[in-house]
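> Please read through the structure below; I'll follow up with questions.
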Amino acid sequence: MAFASLIERQRIRLLLALLFGACGTLAFSPYDVWPAAIISLMGLQALTFNRRPLQSAAIGFCWGFGLFGSGINWVYVSIATFGGMPGPVNIFLVVLLAAYLSLYTGLFAGVLSRLWPKTTWLRVAIAAPALWQVTEFLRGWVLTGFPWLQFGYSQIDGPLKGLAPIMGVEAINFLLMMVSGLLALALVKRNWRPLVVAVVLFALPFPLRYIQWFTPQPEKTIQVSMVQGDIPQSLKWDGDQLLNTLKIYYNATAPLMGKSSLIIWPESAITDLEINQQPFLKALDGELRDKGSSLVTGIVDARLNKQNRYDTYNTIITLGKGAPYSYESADRYNKNHLVPFGEFVPLESILRPLAPFFDLPMSSFSRGPYIQPPLSLNGIQLTAAICYEIILGEQVRDNFRPDTDYLLTISNDAWFGKSIGPWQHFQMARMRALELARPLLRSTNNGITAVIGPQGEIQAMIPQFTREVLTTNVTPTTGLTPYARTGNWPLWVLTALFGFAAVLMSLRARKH
């Protein structure tokens, strides 16, 4: 009785919401405790039972603050190290980001309790998953979006991973919310029926993991080398270090020419404008072609636009076997989805003078097109994504082609030091390989550099914070997963059906 009385207090529920939210961080890499996702979502649903809408919204906000406060506090590393602002301001900015993201979980909980106030199957199994899909979409879209810490990623090695090639990671989010709600209902109502349904729903997708949606092409196996330069972020954009950086990458690459078919350098490995490096690029291109190798590298490009101003791009270019390198070559990729404050500054004229954090090196990039052709290197087709873009499943899928041999992502996570951020980023990259059934080549400045197999498994990787080269044989695959064919459309149809049914059944219940 004492516990029951205690749990009814709103303050206790707010505290528990913080704890359940923080627990959710354990579901993601590097911890990879996937049951924590279910426990965290169970807590969110159970704590909002029998609460007024504003009370539920507060619980949802606190739950989100626990999740994002613990799960994305790694942004503090870059702000504190490179932001040039006092410590309290750095902490405030991290808290502000966590609070902003928590608005969406607060919105979910508040609307759920407003429209479906009764603790029923309708609320937990039909309304909650549909509403969660909508609020998670908003979190990934409003103000360019930040779809980090979606619980579907926790299943990259879990029982539900077989759902990803069929309907994508967001479908796993949907099912996790449904299962968690049913478990919460079973616990609160002390009823075994929701428990049985939850177990059945959770078990049904398990056999899907054994379906192979791809066909390996062993005759097209190539040796790939990815150079991890481990250039400190504090030195990366120092002009005096440019020559040394080029030497590091060239010296690591020279022994690989003629041995590895494909050599990959990470995001902005060449820390200079492409136009300034024409002699170096043409000489390197000639050497690569003479020895029969191809190279992909990140670089910065600036092009004169129609307004007679320069647009600066975060770019991938190709060198080596095939047609000679040309600055006018269309075989390049320009990053489309830019990171706020890292690659562009909103309200630039106001914010840039305020603090160094708003005036970081290379924070005035322009966007490339949303859809871009694959990179083509001597018959190898690469669907590319730079850094943050790899977490955008729908965008990667929209750029994917049936003849894609590999997914490619290059990144620089040196901004975030030894935090958990790079591991979360890596986990999300693995999901793209699973969704599209293609090997993924991930080349980074200081880790995590790895080759991911077409089922999301880690085939090869090298340690973080080392100057090293990952060399391994990689076999491309062919075939289209259902998700590659349809994207998120089936899930949105399901969301619409669930939402319509939930509203209709709620209206009928109120009439009676």
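Placement of Cβ uses the backbone N, Cα and C atoms for every residue, glycine included.
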> Is it the case that ARG193 shares a side of the membrane with THR81, at least as far as the topological domain names in Swiss-Prot go?
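Opposite sides, per Swiss-Prot.
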> Around the Cβ of LYS335 (active site), how many other Cβ atoms lie within 10 Å? Please give the count over every shown protein chain.
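Other Cβ atoms within 10 Å of LYS335 (active site): 25.
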> Sequence gap of 6 or more, C-beta under 8 Å: which same-chain residues meet both conditions with respect to CYS387 (active site, nucleophile)?
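Counting only residues 6 or more apart in sequence, the Cβ neighbours of CYS387 (active site, nucleophile) under 8 Å are GLU267, ASN314, LYS335, VAL339, THR409, ILE410, SER411, ASN412, ASP413.
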> What same-chain residues lie close to the topological domain 'Cytoplasmic' (508-512): Cβ under 8 Å, and 6 or more beyond its ends?
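For the topological domain 'Cytoplasmic' (508-512), the far contacts come to 118, 122.
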> Quick one: do the transmembrane segment (487-507) and the transmembrane segment (12-28) have at least 3 Cβ pairs under 8 Å, skipping pairs fewer than 6 apart in sequence?
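Touching, no - the transmembrane segment (487-507) and the transmembrane segment (12-28) miss the threshold of 3 or more Cβ pairs under 8 Å.
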> According to DSSP, how is the topological domain 'Cytoplasmic' (51-56) divided among helix, strand and coil residues?
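Once the DSSP states are binned, the topological domain 'Cytoplasmic' (51-56) shows 4 helix, 0 strand, 2 coil.
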